[in-house]
Amino acid sequence: MVFSSALCIFSLLALVQAQSESQQPKIQLRLAGDKVKHYEGRLEVFYNNEWGTICDDDFSIEAAHVACRELGFLGAVAWSPSAKFGQGEGRIWLDNVHCTGGEKSLAECPSNGFGVSDCRHSEDVGVVCNQKRIPGHSELNRVSNLLQRVEEIRIRPISSHLKRLPISEGFVEIKERGKWRQICDEHWTPLNSRVVCGMYGFPGEKKYSNKVFKSLSMRKNKNYWGFSVNCTGNEAHMSSCRLGKALVSKRNGTCGRGLPVVVSCVPGRAFAPSSSTGFRKAYRPEQPLVRLRGGANIGEGRVEVLKNGVWGTVCDDNWNLRAATVVCRELGFGSAKEALTGAKLGQGMGPVHMNEVDCSGFEKSLTDCYFNNDALGCSHEEDAAVRCNIPAMGFQKRIRLSGGRNPYEGRVEVLTEKNGSLVWGTVCSENWGMMEAMVVCRQLGLGFASNAFQETWYWAGDASADNVVMSGVRCSGTEMSLPHCLHHGKHISCPRGGGRFAAGVSCSDMAPDLVLNAQLVEQTTYLEDRPMYALQCALEENCLSSTAKKNDHSTYRRLLRFSSQIHNVGQSDFRPKLGHHAWTWHECHRHYHSIEVFTHYDLLSLNGTKVAEGHKASFCLEDTQCDEGIQKRYVCANFGEQGITVGCWDTYRHDIDCQWIDITDVKPGDYILQVVINPNYDVAESDYTNNFMKCKCRYDGYRIWTYQCLTGELRIIEGLLKQELPMMRSNTQSS
């Protein structure tokens, strides 16, 4: 009898709880505002067909835990009062929220009631959630914040037979309860299209053609999604847009007088199709004002700005998705997926050009945004970076690595058309190098190249793909896929054949990046007349011009000396390609060379002709000094490990052997001093374009002046130097 009574009480309690849950308001949550990460932002509630905010009065970490779990995260890390992520709009739905932390929804927590608040939007609450998701919850790139039952959105081509890469025009469709539905265009705006295009990697949108409109007017569809969407145009994803009111026409499933939403996106110039190949080759703007450096994949990197001919970085103070999206669209990508802070993609060098950037989101360039010129409080540890949405080009499906010990290495195999069908085959390894490997790793989305292999006998690839299907590959390193590189057409030429000589690569998500301190070169340049009897070891190591004679001890050589300081600003240590056992011993200087040629020093005429040269072997590649808080790892003494740690630099002083250019035979005049680091690409780097430095030089036969030393992309340096070459030539002729 006691058992029966207890069972009745338990059943009654369960019934009361079920009724209580059924009476709770149904809400949805989203993270909005000026956020940097997808797991943080202003906390907003969708209630009664309207989005609103939550007041920070009495809010707690327990309430933040409930909200983050409701959004699909494991919990909360922190919460923020006083509209840290910007002030919201519309209703303030909740105030004085009290949660214990065990509730399944914020709707279960006691509060003043929905819409009962004495707060202003300056008190909007924000949360930072744990990055990890609850297992089984919808993925982050889903549009679950619009409605929990909405799973995904896509752009579907209007014509099923149309096969483009990328797809830039089509119906906007939403997946709901496993079914794809179109959106009625009655309340659709160009700002909505802008957001959708940005999500899919396109910088802009346009009106679709009249032909498309006519074909749409002939269609009748009863499979529409029941809501409208209201975007401001600044959202990085449609999930951040406001949900409009339910459409009246939803009752009969039609769109009233409207038609299904179609977007027509404008690809960036790097992704625009061309008439001949279907895609443009690597696009390089003539004179960019903004660039990305240090990123492992297309569309990501440290943000750098060109000012007065010098590249500098952007401080991460107030850096957010809105500013990051301006950068992404300016460079021909879509909206920003992430605005990175704290030098997550490596530290830059030189000045910090911009601080406290404030963008409206519609600027054509980051340089059009408001910003603070004063960056005295910023260091390169605060360099801002971005990750952008890029179009789905399908490049990854046409290449693979086979036989490797892990997914990051293996024999390169490409998919190509042969006799009307697609077949897998290998790539000829003749002249295969780091530039080609960089393109392969980028195409696969595996980051940077760490090695390029011309023999792959130790990797047993797919036997059916042994035949060589691509040869004569020559890449600049900036291409998006291997077919974009120069290569032989249908007529394959590979004397060594495939098999064990097929090309291979290994990739890494991190790489070093060497940059020369141009200012130190400019400050330390001078001339020295040195007797030949003191240069015999240098002569043996080919550090003098060809006119120097071995046994001529009575003459002097005129040497252009300078110091070089080489920084590693990448994300991994710079190490010699060869191990100890393969280092070269030089008896005269009695030291080992870990890299035979580490730098090239050249003196060029104003038309680019080489008039004198030198080179520096890395007989001692070590950490001379490091940034504060970083420990030295590499010391050459006692046959030690050689390398340059991230955040450290190796200094070659002006007074050591071979740290010069022999200009004995050079006539007085105006010249260009050029220094190239890692000229043979012996060691992988994340960025080779900043391995160049050029200075203007004037030599009067007795003294030398070096000025305007610039480090960076070679074509930019040459463009800046050419602006003054006519004046230099005129001065040379008059003197």
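Using the three backbone atoms N, Cα and C, a Cβ is placed for every residue, glycine included.
All TrEMBL annotations are machine predictions without curation.
Only one of Cys485, Cys494 is recorded by TrEMBL as the disulfide partner of Cys475: Cys485. A disulfide bond in TrEMBL ties Cys109 to one cysteine from Cys99, Cys119, and that cysteine is Cys99. When the C-alpha distances from Cys99 (disulfide bond) to the disulfide-bonded residues Cys68, Cys129, Cys369, Cys475 are tabulated, the minimum falls on Cys68.
Rounded to the nearest whole angstrom, the C-alpha distance between Cys129 (disulfide bond) and Cys231 (disulfide bond) is 24.
When the domain 'SRCR' (290-389) is classified with DSSP, helix, strand and coil residues number 16 helix, 38 strand, 46 coil.
The residues of the domain 'SRCR' (399-508), classed with DSSP into helix (H, G, I), strand (E, B) and coil, number 20 helix, 40 strand, 50 coil. Note on the disulfide-bonded residues Cys99, Cys359, Cys369: the fewest other CB atoms within 10 A surround the CB of Cys369. Between the alpha carbons (Cα) of Cys119 (disulfide bond) and Cys109 (disulfide bond) lies a span of roughly 18 Å. Cys231 (disulfide bond) sits 17 Å from Cys359 (disulfide bond), taking the C-alpha atoms as the reference points.
A Cα-Cα distance of 14 Å separates Cys55 (disulfide bond) from Cys109 (disulfide bond).
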